[in-house]
């Protein structure tokens with residue numbers, strides 16, 4: 001009997017292990033396939049961008065030829081003798097071409113005309129590394145000469161030492177030396193080659209620097225926003241450094257993340273970044289933020305870099321990089337006829353913040369001479385007491401009294417948890433979508449590790465369909481219709497409410513959590529996930 005029981009137990013362990021391995025393998029294969037599809041998609045978009053760029057180049061060359069013909073005709077003063085040796089057909093063609101007044105399309109040379117004076121102004125003057133491509137994440141680290149202390153080696157060690165062997169094959173770290181003094185650049189390269197010989201030799205690390213001809217004259221810039229002449233020059237050059245680095249990095253991977261040369265990274269930062277991006281693969285985001293400070297930890301999709309660089313180059317003399325990034329979002333989604341709150345909601349769908357922060361600023365001495373910079377990211381060491389999801393744009397409201405700034409708006413955006421004082425019957429939490437949305441699933445989780453008892457009880461989940469004349473409903477669904485037009489589709493059990501939305505109720509105008517009875521405890525809502533239908 002013991003032998004038989006032991007055999008059964010062994011068989012169960014074997015089957016459980018086999019099923020677990022099968023599930024994990026399928027899950028891992030699914031992730032890898034998604035990354036492969038993303039690579040193919042981004043490669044296709046990149047080829048399209050290159051084709052468009054070449055078309056613009058050919059168009060510019062044609063305009064140059066036509067301008068040459070126009071000058072020839074003007075110099076000939078319309079004399080027939082000047083073109084008498086051409087056939088009638090050729091003369092007619094020249095006349096037709098020179099009479100065309102096509103509009104010129106602005107490009108990088110319009111904003112930086114000095115680049116036309118030298119060949120190779122957009123090619124690195126120094127380039128060290130294997131030129132690795134086809135990775136998931138490209139990390140860009142700009143560095144310049146600091147008078148007091150350089151943090152570059154410590155930054156690179158922090159990033160590299162926290163990568164697994166597999167992760168080291170799926171990324172590339174680009175160090176951009178923003179100096180034109182070749183002697184200094186070569187000294188930095190020599191130090192990096194000595195310290196990181198293995199990483200450079202494997203293709204993990206690359207080092208580049210721009211040619212002196214890439215930079216315009218930075219000595220006669222207009223002073224704006226109360227900044228000194230030196231600070232205006234510093235921030236203007238910084239914008240140009242970012243642009244060169246991003247243009248170089250764009251074709252190397254699926255995502256590009258901007259870092260600085262004076263940071264430290266959290267353990268498992270790479271897998272966290274990659275998995276978070278994969279979760280949002282179906283969302284229309286533009287910036288993922290993995291730090292709240294400046295330009296640190298801002299990640300972009302490779303195809304979006306073209307727009308970002310073009311926008312920065314249009315205004316590189318006017319404002320710092322973080323302001324310009326916010327302006328891009330404003331231009332894309334903000335309606336001048338709406339208020340600032342509506343604008344912030346729209347921008348939050350393009351600019352998604354991950355918490356806690358994955359990178360911490362450690363540099364005390366800024367690259368701007370004489371500036372002491374005591375900036376630290378307060379979210380870096382915080383435990384995560386809420387979960388982050390991207391929800392449909394909505395106006396949120398509640399009858400509950402909020403505690404210590406833990407607002408519903410922040411929770412909906414994935415920035416914090418919602419904390420409110422004791423609910424009573426009739427209290428509600430309302431999510432009114434900016435436009436009707438087809439919803440597949442929902443999840444609301446209350447309580448958190450610090451306050452596990454602060455849960456929602458006796459609370460229902462209601463939805464308001466956009467269509468008022470719904471007839472394609474089962475009788476049990478119709479019975480859940482409330483007098484105000486909402487439909488009751490779920491309730492909280494053990495602090496959790498989750499489920500699907502009947503497809504016949506879609507599209508949905510609003511979600512509501514309704515408190516049915518007085519509660520004896522405060523409530524925390526730490527996770528909100530209203531998942532769109534993927535086909536929406």
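Cβ coordinates are placed from backbone N, Cα and C, and glycine is handled just like the others.
Looking at 1-27, 28-54, the range annotated in Swiss-Prot as coiled coil turns out to be 28-54. Classification of residue 458 (N-linked glycosylation site) by DSSP places it in coil, neither helical nor stranded.
Taking all protein chains in view, 14 other C-beta atoms sit within 10 angstroms of the C-beta of residue 458 (N-linked glycosylation site).
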